[in-house]
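Here's what Swiss-Prot has on this protein:
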type	residues	note
REPEAT	47-83	repeat 'TNFR-Cys 1'
DISULFID	C59-C73	disulfide bond
DISULFID	C63-C82	disulfide bond
DISULFID	C85-C101	disulfide bond
DISULFID	C104-C119	disulfide bond
DISULFID	C107-C127	disulfide bond
CARBOHYD	N118	N-linked glycosylation site
DISULFID	C129-C143	disulfide bond
DISULFID	C146-C157	disulfide bond
DISULFID	C149-C165	disulfide bond
TRANSMEM	172-192	transmembrane segment
TOPO_DOM	193-331	topological domain 'Cytoplasmic'
LIPID	C196	S-palmitoyl cysteine
MOD_RES	T211	phosphothreonine
MOD_RES	T318	phosphothreonine
Amino acid sequence: MLGIWTLLPLVLTSVVRLLSKCVNAQVTDISSKGFELRKIVTTIETQNLEGLHHEGQFCRNPCPPGERKARDCTVNEDEPDCVPCQEGKEYTDKGHFSSKCRRCRLCDEGHGLEVEINCTRTQNTKCRCKPNFFCNSAVCEHCDPCTKCEHGIIEECTLTSNTKCKEEDSRSDLPWLCLLLLLIPPIVYVVIKKACRKHRKENQGPHESTTLNPETAINLSDVDLSKYITTIAGAMTLSQVKDFVRKNGVSEAKIDEIKNDNVQDTAEQKVQLLRNWYQLHGKKDACDTLIKGLKTADLCTLAEKIHAVILKDITSDTENSNFRNEIQSLV
């Protein structure tokens, strides 16, 4: 009898454990079924938002594309009362149970779009990019303007790709550029040479156009320029005088000294600068140095004028001297 009372608690514990397992299994099964039910309900609700399933009473068939349900079915499995969508403004492209049509899409010109296919009751509007616009995405909500090329086009703009432009420093122009750079120096040289020759001819006096015979030939290398300094200074600007004397030995300190001594008289500055140069250089070859220096500074016209003045004066003196000599020989 004592053994029975000892085994009874063990039996009761085993029974409780078995009952607990059964209850847990049922709860788990119920939870799993509840989850599946919620999933089905969610799917139905989502589809109802698209109008693919029944609203209100269950109609037997959906409204065809291009129409909508005018009113709910009053009896389950009844045929729906469908009416057409508004042409050009609304559409439905599949069978449905909804009482509303979808609104047609608008092609916004401000976003570079235009209508490719108009909206019908069974098809939404189809948009495309306007001319000179493109869109390279799968769904085009807007189009971008095509790039305008300044230096030539490699590929034209299309509806799905932008223009491909040539670069500014295209290598195709390099040979022409090199040829141009090679031709410029000789052309400039010829132009300058012709200009100097033209000025020389325009300023040449009648006495210069004839060739002097050995008896009347004049050597300008030993001409005394002191009496021509004022005339030469009057034919030149102050900057021209400064450039000439600076390149021919007059120091900057001396140039500044002459400037400070004659601040208000630029004419006197030119005369003093040329006198100072002449004193430094000396009489011999001074005339040739002056003429060559002016030509080197691209002052061909000025050089020819000074040369003509000196030559005319010397020629006149020579003729007078010859005339006097002839008179004396006759006496």
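Note that Cβ sites are derived from N, Cα and C of the backbone, with glycine treated the same way.
Just so it is clear, the model here is predicted, and its values are computed rather than measured.
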Problem - DSSP state at C129 (disulfide bond), helix/strand/coil - result: strand
Exercise for the section: Pick the one among the disulfide-bonded residues C59, C85, C104, C107, C149 whose Cβ has the fewest other Cβ atoms within 10 Å in this structure. Expected result: C149
Problem - Cα within 10 Å of C104 (disulfide bond) - qualifying recorded positions among C63, C82, N118, C146 - result: N118
Completion exercise
Within 10 Å of N118 (N-linked glycosylation site) (Cα basis), scanning disulfide-bonded residues C59, C127, C146, I find C127
Practice task
Starting from the Cα of C165 (disulfide bond), work out which of the disulfide-bonded residues (C59, C82, C101, C107, C127, C129) are within 10 Å.
Solution key: none
Completion exercise
Over the topological domain 'Cytoplasmic' (193-331) the mean pLDDT stands at 75
Problem - Closest of C101, C107, C146 to C63 (disulfide bond), Cα positions, disulfide-bonded residues only - result: C101
Practice task
Go through C101, C146, the listed disulfide-bonded residues, and name the one with the sparsest Cβ surroundings, counting other Cβ atoms within 10 Å.
Solution key: C146
Handout entry: Residue pair C143 (disulfide bond), C107 (disulfide bond) - Cα distance, angstrom, rounded
Key = 11
Exercise for the section: Compare the C-alpha of C129 (disulfide bond) with the C-alpha of each of the disulfide-bonded residues C73, C101, C107, C119, and give the closest one. Expected result: C107
Practice task
Out of C59, C73, C101, C149, C157, point to the one nearest C119 (disulfide bond) in space (Cα versus Cα); all of them are disulfide-bonded residues in the record.
Solution key: C101
Problem - Cα-nearest neighbour of C107 (disulfide bond) within the listed disulfide-bonded residues, C59, C73, C146 - result: C146
Practice task
Would you count the other CB atoms within 10 A of the CB of C165 (disulfide bond), including those on all shown protein chains?
Solution key: 15
